[in-house]
Structure formats: structure tokens, C-alpha cells
Amino acid sequence: MEHSVEYAHATGLLGSVWLLVAIPLVSAAILLLLGRRADRWGHWLGVASVGAIFVLGLSYFFSLRGLENRSVELSLWDFIAVGDLHVDFGLLFDPLAAVFVLLITGVGFLIHLYAVGYMSHDAGRRKFFGFFNLFVAAMLLLVLGNNYVMLYVGWEGVGLASYLLISFWQDRPSAATAGKKAFLMNRVGDAGLAIAIFIMFATLGSTQFADVFNGAGALQSGTVLAIGLLLLLGAAGKSGQFPLQAWLPDAMEGPTPVSALIHAATMVTAGVYLIARSNPIFSLDPTLQTVVVSVGALTLLMGCIIGAAKDDIKRVLAWSTVSQIGYMFLGVGLGGGAYALAIIHLLAHGFFKANMFLGAGSVMHGMQDQVDIRRFGGLAKYMKITWITFGLGWLAIIGMWPFSGFFTKEPIIVEAFARGDWTAWLYGGAALLGAGLTAFYMTRLFVLTFHGPKRWTEDIAHPHESPLIMTVPLILLGLGSVVAGGLMATPVASWLTPVLGHGEHHEPVLSHTVITVLSLGLTVLGAGLAWLLFRNGTALVEQPAGPVVRAARRNLYTDAFNEAVFEKPGIFLTRALVFLDNRGIDGLVNALAAAVGGGSGRLRRLQTGFVRSYAMSILTGAVLVVAAFLAVQLGWLA
Amino acid sequence: MDLKLPDIDYAALAPILVLFGASLVGVLVEAFIPRKRRHLTQLVLGLLALTGALVAVVLNAQDRVVTAGGAVAVDGPTLFLQGAIVVLAGMALMLIGERSVQRGGAFVAHAAVTVGSPEDQRQAADEGGATEVYPLTLFAVSGMLLFVAANDLLTMFIALEAFSLPLYLLCALARRRRLLSQESALKYFLLGSYASAFFLFGMALVYGFTVGAGGTGSGGGVDFGTIRTAVTDSAASEVLLFAGLALLSIGLLFKIAAAPFHVWTPDVYQGAPTPITGFMAACTKVAAFGGLLRVLHVAFSGASWDFTPVLGAIAVLTMLVGAILAVTQTDIKRLLAYSSVANAGYLLVGALVLSKDGLSSTMFYLVAYGFTVLAAFGVVTLVRDADGEATHLSRWAGLGRRSPLYAGLFTFLLLAFAGIPLTSGFTSKFAVFGAALDAGQSWLVIAGVLTSMILAFPYLRVVVMMWLSEPGESTPTVSLPGGLTAAALMIGVVATLVLGVAPAPLLDLANGAAEFVR
């Protein structure tokens, strides 16, 4: 063990960290329980509660900065105490949790504000804000828990909120189906996380972060590998990583603020948080890290390729989220200093992706909920603010200098090239290729939406810019997309060092400059290519295409794969089990039941109602009892 | 002849004395208070007396004495069980005193009038029920209090008769279906006397054994201390001892309704007025088990290796008979009767564990079961049509549609009987089975769990019937309960829930009380 993990007790202002979870939870309860009575002011309560915890989060952040040991624990009460299992209802506020708190509450506040405008015509706005607050509370619990069980509670909480919000318009069959799909695929990952927690308890006797991290070094390597892989399964489920990525694009059926907050900025990064938080476990086993890196690299390429073939503005953004989280997984998988890089990319991504989703929402708001980018075009003139802010997000995500993506993505590519053996070429190459592809499909999205000829449906005459309450968050997030990366890169890395540690540093196989030049070059190439191809618009319907594009349109056949490998055998297995249950188990149970019933019917006849037969029965019983007593007694003597 | 009066600790006997006194006053009330005002007077007197007895029990909480010349032991179990009996009897008294559900209450005005005669029809129509039930109930309760405190077999026998005789009478006093009621009373009386005879004969044999054990000249005795010494130390013939113990237990097993001595239970439970059935199911069970516990733990604990297999077999048989026969019952009162038989089996499992755990878990079970069963019979009194209570199960179909509240409450109580978590039924079974496992009696636990599974079927059948069947033409409505029934029902349901969710305080209390003075 390099260093042992110790947490100080929270004192002073930090003793009230629990308010971060409590305030949005109470607000959610009020919104959901008061019903229609809260319709008129409910959304403002929702916004205010998140605003309040953002301010609180800032003040906690500054008091944490003033401390020597910047990891403080707050044990509220004994959550579960059964036998040897003791789980605190405890919170941990450390640099890692602090940046997540700021991201969730800061971006969350802006998106809440935006949603007031976006949902203004929706009858269910109060319910929406109730669920939204519930999500914020659960997400904060997830990042603030000081043990894996608390994390799991938050984890399930965000899963629930996500399900409720994806199927928010539950009268649309597609939304209801998408909600179920997300819920089911998440269960697969959640089961992995749960089993990992069980193993921790079985082998270490505790689920507290401190105990687990200090004890993990003494575990057998197989156990560490098992825990790590199961945690990774959980992380992949929540973060839409291979092989559990299919639910995330479908989740775009929810209202756009949901896509922005939950399925872009915060919840889907919970997997990255889980791995970063568990870094003492992942750092123990190189195999484990290789698996994480592979998942990340594979997913980031998949996301790019599929994203390039989609025509639904939110789905393109969703696949880009999948791909960007792939970068983050790549980062946390590389270990060492790259943990911090992944977190920084996560923060920057939170800004620019939320910005772009809200921008997409603004476009849809003006275009009568049209989502097909083939039916946009030329919107730059009509929606200036949306155009500019979206453009800033676009430049940020493709990693153009000096926008934030450049400062956060490029170091990850460099780290990938610094793996110290031949795999550097593999993963570094993948990351580099991903950068080029990202530039291509994001430019395609941008150009088709805002430039080129108008390809609108007939019913749209004058698309309008969104109201102020929606554009102000856009502007703020747009600013964030420009500066966040550059501002955060160095200070956040050193801020996170106490949690994530330093790693040994290899020199990259190519020089730093070469990599930078290559990645910028690929980016410009990809963007330029897309600009040339799409500046004159595109066909209004799907065109026949080569095998790669066809595959990408069908999500690289992953859905077909899921159907063939899991769904069909699953259905078959279910049928077989139903058959076994009906014929075998039910048969046995029914036979037993029939035996009991028959016995009962026969015994009933002994209950004749005649006192004489009752007395006879008592007498027989008495004789038997006396005989039995004596038999036991005589047997004892003999 | 030199007759020395024993010292009597009146304070320790206060709960019993208060109730005996109140029953005598009740008899005087019958003689001197005008008929119209008797009902209220008796009811208030009864409730006051029970409250007084409860206060006395609480005040005695720290007593651990043997008094009245060794005849009465006031110790932890005594006080715990006395408290339980008094509280449950209070609930039962509320059900007994209810007059708004049915005109005149559940009791007949003049029990001696021939059934079906014009006079009978007149009294059924407009006369208030006999108020003698109150003193009779109080007599029964005081007998039960003495029974759980009795420290020798003779006192125990007197107490047994003191609480049985009023019960026989009470069973005969139903206002509706009088023939069934009278038949049940007669059966109960005949079989009860029969069982008492076994008890007496057993006592004689045990006395004979102690005489033999003490050697000539020292004389024997039937107090538990003497028996205990004789069982541990004696080299005398143990045939007398075990024949005696066997017969004694038969007397007690009859009262707790263990198979095959349970035969009276369904008929009597069905025939007796429902409040009385509830009273018997709750209080008689507590008292009878209290007596059995003391006999086994104090007097015969030295012979536990010998009686556990036999009584264990009886417990298994009881669980089986209760569970299996409950499956085909079509009358709700008979169903609850068989459920009570099966519960006697579970309780017997606890009673056979001669440890502190066994004692405390059995006492906990008794209290929890008492609350639930009284509430259940409370609901039964409410489901009625023009002819009185509608006890046939087919009549309960679709009740959930007609009166969701009471069907819901009854469902909750049935789930408690079935031992579903978050009800007292779960915690109490868990406690008893846990104690039995710790004592190495896993075979009893296995039988217990298997029969619980069987028993869940009849309970759930009623639930399914109430909620998933369409209400038929004949589905009765539920009468609005008067304040008394509502209160009793509420106490029972809340206790069932609280003891399921937070059983610790009562378990601690039972644990603290779980030691006999010897």
C-alpha cells in the first residue's frame, strides 16, 4: 500500500454538508406531495433549492480549501446494523466530491433555470421539477456517500429519477419503451455493482471507503480483479459504455433539459466517478486497467462512427456523449496522473455538452419540436444566440485551440501514447482517430443545423429565438465552454492530487508536440471535410450507402447483437423455465396441495360433533401420552 | 390441633384480589341496580377493575416473592402474564360491552328461556343482553391471574376451575343461534370436566411420587418446590412421576387446545358468542400457557430430557392438525379456531425450551398473538347481515369491494397470523423458533416452518376471497362499529403493527421478566 487513506471529522461549516442532499430532497417531496396546489410556484421552488445548494456548495468548497487534511467525513447515523454488517449513513466531502458538487449544482442550476422556460407549456411542469430535484438529491448522495452502500443508494436514486424523466411523456410509447430500456440495461450494471459490494463485505468486512481502500492491498489478486470488473460493469451500465451503451441514445426521448443534465452532464459520468473514487482498487491490477482502457477506446470509436451516421440532433449528441465518456474511461483506465485528466475532461464536458443539448432544445423549441437535422439549415440568421453558443460548444468538443476541449482532451491522448509499451500505439492511435472523427460528425451536425440552405418542413415560417430565461443559461454555459478547460486544467489537477495520487509517468512514444500537431491537424481535417461535404445541405431522406454507413446507421449492429445473444436466448430460457415451472414445480406443489387438501377433508370427518367421540379421542390421546412417557422412561433405564 | 395461619403478602396478591372483589361487587350490582342502568355500571366497573388490576401489577413489577404459605408465586413471569391477561381482557371486555353493532349486544337476555318459544322471540327482539356476563368475565379473569401465579398443584387446580366454570357459562349466552351456543357450552363443560379429572389424577400420582421420594415419614407435597427436589434427587420409582406428569399435562394441554386434546376447540369457538371466543382465544391461551410454563420450568425441569420428546411430538401433531384442518374450513370462526390450535403448537415449541430465551419468547408470542386474535374476532363481529354474524366464508367474498377499510384491516391481521414480516406474527414466530434452534430443537422448527407454509394457504384464501371475488348478492355489509369495538380493533391492529416493527421494548420487558422464583 502506498499510502493509507484517512479522513478527518467534519467540523464547523462542513458539519452541515448533509444539507446538500436534504434541501433538494425536501423540495422534491414538497413538489410531489402537494400536487396541483404547488403548480403555480413549484418550478421556482425547484430552481431556488438548486440555487441554494450551489451557493452552499461554493462555501463548502472554500472552507475545504482552508483545511490541512482536505478529506472530511460526517457520520450522521447508523444506517444498517445487522450482524457484522455496519453501514454508516455517512458523507465524505473531499476534493473529488467537491468538484462534482460544484458541477452538479452549478450546471444543474442553469439547466433548472432553462427548464422553467422550456417546460412552460407542459402541464406536468411541477412534477418535472419534483423529479429533477429528486435527481439532484440522489446524484449528490452518490458523490457524497462515504461508503459503497451510500453510493449505491444514490446510484439507484439517480437510476430511478432517470427512468421517471426519460418516460416523462409516458403517453408516448417510444418514451415509455426508452424508459424501460434504460432501466433494464442499468439493472445489469447495478447488479454488478451490488455484487462487488457484497464481495467487499465478504472479504473485507466493511463497505466504508476508508476500510476498503486500506484493506484492498491485502486481498488476493483474483478478488481484486473480480471486484474491479464488477465495479466496471456497474460503471459501464450507468455511463453507457460498451457493452451496455444501447440505452443512452434512446434516453433522448425525455425532455431536453433531462438529456442535458442527466444524460450528458452528470448522471452518465457517475461511472467515471465510481472508477476514479475506487482508484486504490483499480491501481492494484494492471489487467483491470487494461480492460478499462479497452472499454474506453472501443466505446469512443463506436460513438464517433455511429454519431456520424445519425440524423436526429439529440441522438448525435447522445452518441457524442457516449464517445466523450469513452475518453474519460480511457483516462481513468490509464491510471496515475490520467485520473485527474479524466475528471477535468468530465467537468469541461459537463459544460459544453449541457450547452449543446440546451442549444438543441432551443432549436427544437423554435422549430416545433423537429429533431431531424436534414430538416434544419440556415438557422444561424434566425437564432443568433443559439447559433453562437452552440458554435462555442462545437469548437470546444472538437478540441480546437483555445477552447476548453483542447486543454482537456489532448492531455488524455498524450497519456494514451505514454503507456510504455506497444499498446501505446493502439490506444493512442484510437484516441487520435477519435479526435478526427469527432471533428467530422460534430461539424456535420453544426453545419446542417445552422448553415446551408433551408430545408424546413412547410409549416415553419419564422423560427424564433428562445426567451431570455433559456438563452441566459445558454450564454453562461457557452462562456464555460470557452474558458473552463483552460482555467481548470492545472489547478484542478493539483487540487485532486490528495484523492487520486501521482502516478509514475512514462514518456509518450511520440513527442508531445508531434501529438498536438497531429491531433489538431486531424481535427481540422475532419471539420474541413465535413464542411465541404455538407455546406450545401443534404438529402431529405436516407440515401443508399456503403456497408460502413449502413452498419453505423444500425448502431454497428449492437442492437442486433443484443437481440441475438441476449434477447432471443433469454426469451427461450424464460419459456423453458415457464414450462418447467408449470409442469414440474407446479405439478409437485399442486400434488402436495392436493395431498394436504385431501388429508384435511378426511381428517375433518373425525370432527363429528359428538361429545362421546371427542372424549374417546381425548382418552386415546391420554393413553398414548402416558404410554409414550413411560416408554421414553423405560427406554432410558434400559 | 396447632393451626398456624400462613403469612399473606396482600400487596403481591392485589391484582387478583381487586378482580375477585370487583366480581363480587358485580354480583351485588345485579341484585341492587335497576336493570336499565346495569349495563353501563357493569361495564364501567369491569374496566375500572381491570385498570386497577393493571396498576397493581405495575406497582408490583419488582416483586419476586412466594406467599400464602407457598401457594402463590409472584415473580417476573407471573407479573408479565398477569399484565398481559389484564390488558387483553380489557380489550375483550370492550367487545363484550359493545351494544351498538347489534341491538342489545351479543348476549341473550334470559338464557333459561326455551329456544324458539314466543318468549324467546320477544327477548331476541327487544331486550338488552344479560349483564351477568361482566361478573362472570371478571371471575374468569381473576381465576386466570391466580392460575399463572399458582405455585402448587392444588392452587392451580382451584384456579383452573375458577376460570373454567364462568367460561362454560359464558359460552352458552349467545343471543343468536342459541342452540349452537348451548351445545358448545355443554360440550366444553363435559370435556373440560373430563380433562380436569385427568389433571386431578395426575396430581395424585405426583403426590404419591413425592411421598416415595422423600422417604417414609417426611411426607410429600404438591407444591412445585417439593416436586422439583423430588425429581432431581429421588431414586424412587419414576413410573409414578411420569404417569403423573403425563396426566397433569393432559389437563393443561386440553386448555391450550393441543392435539389430540383440541377436539372441543372448533365447536366451542364457533358456538360461543364471538366476543367470548376472542376472550378465550387470547386470555385462556395466555393463562393456560402460563400454568404450563411454570409446571415445566419450575416443577419438572429436572425431567426435561424425558418429557421433551413426547411433548415435542404433541407440538408437531398440534401444528399439523391445526394447519391441515384449517385448509378445508368454510366458517371463519372455525378457521380461526384451527389457526388457534396450530398456534398452540408453535407456542408449545417455545414452552419446551427450558431456557430464559424460550420463556421470554413464548411470553412475547402469547401477548402478540392475543392482540391479533382479539382484533380478528372483533372484525368477525362486524361482518353481519339480518341474521347476525355472517361467518360462512362464501359470504365474505368481495368484502374488499364493499368495505375496503375492514377488509384491509382483516387482511393485515391474516398476514400477521401467516407470519409475514412487519407484523407481530413474524417477530413472535422468529423469537420462538430462534430460541428452539438455539436449544437444538431443530426438528420442531422444521415442523413449525412447514406447517406455517400450509397454514398460509387458508389465510390467503380468505384474503383472495375478500379482494379478488366479485361481491355476490349475499355479501353482507360491515356494520359500523361502536366506539368500544373500534377501540379494541384499533388497539389490536396497532399492537400487531408495532410489535412487528419495533418489538424490542416488549422483548426486553419479557427478557427482564423471564425468571421464575423457585
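Note that Cβ sites are derived from N, Cα and C of the backbone, with glycine treated the same way.
Just so you know, TrEMBL annotations are computer predictions that nobody has curated.
According to TrEMBL, the protein carries these features:
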type: TRANSMEM; residues: B:12-33; note: transmembrane segment
type: TRANSMEM; residues: B:40-59; note: transmembrane segment
type: DOMAIN; residues: B:150-454; note: domain 'NADH:quinone oxidoreductase/Mrp antiporter transmembrane'
type: TRANSMEM; residues: B:156-174; note: transmembrane segment
type: TRANSMEM; residues: B:186-209; note: transmembrane segment
type: TRANSMEM; residues: B:239-264; note: transmembrane segment
type: TRANSMEM; residues: B:276-295; note: transmembrane segment
type: TRANSMEM; residues: B:307-328; note: transmembrane segment
type: TRANSMEM; residues: B:335-354; note: transmembrane segment
type: TRANSMEM; residues: B:366-383; note: transmembrane segment
type: TRANSMEM; residues: B:404-423; note: transmembrane segment
type: TRANSMEM; residues: B:443-468; note: transmembrane segment
type: TRANSMEM; residues: B:480-502; note: transmembrane segment
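As a quick check, the transmembrane segment (B:239-264) and the transmembrane segment (B:40-59) miss the bar of 3 or more Cβ pairs under 8 A, pairs 6 or more apart, so the two do not touch.
Residues 256-259, 262, 265-266, 268-270, 277, 281, 285, 289, 292-293, 296-297, 301, 304, 308, 311-312, 314-323, 325-326, 329, 361-362, 365-366, 369, 373, 376-377, 380, 393, 417, 429, 431-433, 435-436, 438-439, 441, 444-445, 448, 451, 455, 458-459, 462 of the same chain lie 6 or more positions beyond the ends of the transmembrane segment (B:335-354) yet place their CB under 8 Å from a CB of it.
Sequence-remote contacts of a segment are chain residues at least 6 beyond its ends whose Cβ falls under 8 Å from one of its Cβ atoms, and for the transmembrane segment (B:307-328) they are 242, 245-246, 249, 253, 257-260, 262, 266, 296, 300, 335, 338-346, 348-349, 352, 441, 443-444, 447-448, 451-452, 454-455, 457-458. Only residues 6 or more beyond the boundaries of the transmembrane segment (B:276-295), in the same chain, are considered here, and those with a CB under 8 A from a CB of the stretch are 73, 77-78, 81, 84-85, 88-89, 91-92, 95-96, 133, 137, 140-141, 143-145, 147-148, 150-151, 156, 159-160, 163, 167, 170-171, 173, 224, 248-249, 252-253, 255-257, 268-270, 333, 336-337, 340, 343-344, 347, 351, 359, 362-363, 366-367, 369-371, 373-374, 376-378, 516.
When each of the listed stretches B:186-209, B:366-383, B:404-423, B:443-468 is scored by C-beta pairs under 8 angstroms to the transmembrane segment (B:480-502), B:366-383 comes out highest. With a threshold of 8 Å between CB atoms, the same-chain residues lying at least 6 positions outside the transmembrane segment (B:156-174) that come near it are 106-108, 111, 129-130, 133, 136-137, 139-144, 146-147, 150, 180-182, 184-186, 188-189, 192, 196, 199-200, 203, 251, 255, 268, 271-273, 276, 279-280, 284, 287, 291, 295.
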